[in-house]
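Worksheet: the structure to be examined is printed underneath.
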Amino acid sequence: MTATPHKTSNASRTAGIPFLLKTAFINAAIALVLFSLMVGIRTEAGSDGQLTYWTRFGDLAALVGAVFGGSIVIELLRQWIGPTGAEKLVPPAVQSGISFIGRYLAPALLIFTLLVPVIFYNQRYILDLAILVLTYVMLGWGLNVVVGLAGLLDLGYVAFYAVGAYSYGLLATSFGWSFWVCLPLAGILAAFWGVLLGFPVLRLRGDYLAIVTLAFGEIIRLVIINWQELTGGPNGVSGIPRPSFFGIPLDNSDDGLAAKLGIEYSPTHRIVFLFYLILALALLTNWVTIRLRRLPIGRAWEALREDEVACRALGINTTTTKLTAFATGAMFGGFAGAFFATRQGFISPESFTFQESALVLAIVVLGGMGSQLGVALAALTMIGGFELFRSLENYRMLVFGMAMVLIMIWRPRGIIGHRAPTVYLTKAQAISSDLVKEGHG
Amino acid sequence: MSGEPILSVEQLTMRFGGIVAVQELSFAAERKKITALIGPNGAGKTTVFNCITGFYKPSGGAIRLTHDDGRQIALERLNDFRIAKQAKVARTFQNIRLFPGMTALENLMVAQHNALMLASGFTFLGLIGVPTYRDAEKRAIALATDWLKRINLLDRADDAAGNLAYGDQRRLEIARAMCTEPALLCLDEPAAGLNARESAALSELLLSIRNELGTSILLIEHDMSVVMEISDHIVVMDHGVKIAQGTPREVRDDPKVIAAYLGTDEDEAVAVMESGS
């Protein structure tokens, strides 16, 4: 019995060789057509303005060869590690090892994160990067409620981030309100805008929903740019107060925290404080999301993603269910925005472009829609990895893009694609991503 | 107790543009009985169902639901989810609409959404974990467990609904509709695609729902063995109008019904019947 699966897998692999060569040839042919003009022939304006050209067939041959070899390698990798053969080819020891790692990965990551300021106390760069990663983890977890749980594709999430940031920035600079008063206000205002966005898009699905949310994100940014009296337009809002340790400022003054504690002042104190602040906010987001999933509203979100018609037949008010998903996601975006404003001390519309929405959405999709751990890992990979490749300079985007393609080949439903049930009788079994719907918007 | 039928449909008309799918249809479904709506393909049965369960807004006519306490609800005035929530009409679908990525137990929990939502204080009390919500959740799990036992799926409770066998999915969908604790259960072809053994189990389940729980059932069905075995009353439709009604025996011998099913006119059907008997 045990030999049978090996035999079949071997057979499929040997049968795959002509297929392998065929795909490689097709890919190489496409590359030849594409590159023959782009690389093979080089044109330039000559000294008298006439067109001169020369051929670079060597480079062309090298490129086509690289594509040929590359597609063989990718196809081999896909057959070995990919989803089709994964069950049979990964030995059981490795599988149990992976599940062991999976079980302890989240607590281990959490403990490591708590210790980051202790370990890297003197490395300002790493602390700043960690704060940035955590901000995106929080944004990812917030958007995960909308996209991952409720299945509503939101391309304008940055709008709520902006609403949160400007709420804090303007309230703090105009009225001098403290961060801790403004934080909940920023969340509430963002949630309010979430509901406002929700109403017009209730009837839209899929692509249409994505386009309207995309437009909403742009509208918020354009309003911020053009409403000069309130927002300062492209000049942004500056002089936003730094956060205080519950009323005690973190500065060099006599009533600063350092002086009160009788320790020597260091600018790192504030960074460490910011680090723990965003960690606390992110963990709050995570805790609330995990709890909401186990409450009727969270189950209704997931049911909505699975089948909206069935939800209506069961008496679930799909309107309020969608709106609460938008509002909850937006609220966390607002919190993150307020944090962003207090960390930077300066905000301008440039920070809230579509690029940010796309990045956060990429984090959610890459992480595995609906998976909290997956989103955290994806944020770490995307933001941290991007910094890691900094030394590669011009090739950074190339390496980054290739990494994304590889992840999408191996794990098309994200790093953690399966779904954990919210309630169980005897044993919680992970549900395969093949069964879980992605939602139709 | 009210002596009125649980559901009375009067002069129901549904037009799609120029096409009249249902024309001035009137019938009633008796309380605590099983009423079957049958007819050839395209007769307008599912349209009637969609009107009753709020997925379509009827072009004309009245659909009145009378609860046990005498409370009357005009279903044609309620829309989509309110029919299930306020009027307590639950339905299943011709092509099964479970939540495939959620477990069997979760499917039954989603069905109890409105009761649980209330118990969780619209999420706020549930978020801080008040004991009343925990009790309500335990009761909801108990009800779901009870239904899983009834449909023989207790050992598959933690499996994804999409992984269940076809017949099991059909039964789970009925259990899910029943978890909303409906006054009227509407089933759209519950026996479609079931084998003889599964059909028999389904008949048993529906009879137990009627006898033990006293839930009224309205069903569309093509499987005549199921219809004839369990129905108390049958309404036959063809081309959007009612052509016959009565007990299974009466309907079975009605030449109009046979004509509709054979696709011939009435005289020929009578001839066929006479030659057969």
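Yeah, the Cβs are placed from backbone N, Cα and C, and that goes for glycine too.
The transmembrane segment feature in TrEMBL is assigned to A:20-39 (among others).
TrEMBL lists A:60-81 (among others) with the feature transmembrane segment. Long-range Cβ contacts of the transmembrane segment (A:60-81) within its own chain (Cβ-Cβ under 8 Å, at least 6 residues beyond either end) map to 12-13, 16, 20-21, 23-25, 27-28, 30-32, 35-36, 39-40, 89-90, 406, 409-410.
Residues or ranges marked as transmembrane segment in TrEMBL: A:101-121 (among others).
Residues annotated as transmembrane segment in TrEMBL: A:133-163 (among others).
Taken from TrEMBL, the feature transmembrane segment applies to A:175-196 (among others).
The transmembrane segment annotation in TrEMBL covers A:208-227 (among others). Cβ atoms under 8 Å from those of the transmembrane segment (A:208-227) belong to residues 152-159, 162-163, 166, 193, 197, 200-201, 233-234, 349, 352-354, 357, 441 of the same chain, restricted to positions at least 6 beyond its ends.
TrEMBL lists A:271-290 (among others) with the feature transmembrane segment.
Per TrEMBL, transmembrane segment is recorded for A:358-383 (among others). Here the transmembrane segment (A:358-383) has Cβ contacts under 8 Å with residues 105-106, 109, 129, 132-133, 136-137, 139-141, 143-144, 147-149, 151, 154-155, 157-158, 286, 289-290, 302, 403-404, 407, 411, 413-419, 433, 436, 438 of the same chain, all six or more residues outside its ends.
The transmembrane segment annotation in TrEMBL covers A:395-411 (among others).
If you look at the transmembrane segment (A:175-196) against the transmembrane segment (A:133-163), you find at least three C-beta pairs under 8 angstroms, all six or more positions apart, and that counts as contact. Non-local neighbours of the transmembrane segment (A:101-121) in the same chain are 127, 130, 134, 268, 271-272, 275-276, 279, 373, 376; each lies 6+ residues outside the stretch with a CB under 8 Å from one of its CB atoms. Distant neighbours of the transmembrane segment (A:271-290): 113-114, 116-117, 121, 124, 127-128, 130-131, 134-135, 137-138, 141-142, 144-145, 149, 243, 245, 250, 298, 328, 332, 335-336, 339, 342-343, 372; these residues of the same chain sit at least 6 beyond its ends, with a Cβ under 8 Å from one of its Cβ atoms.
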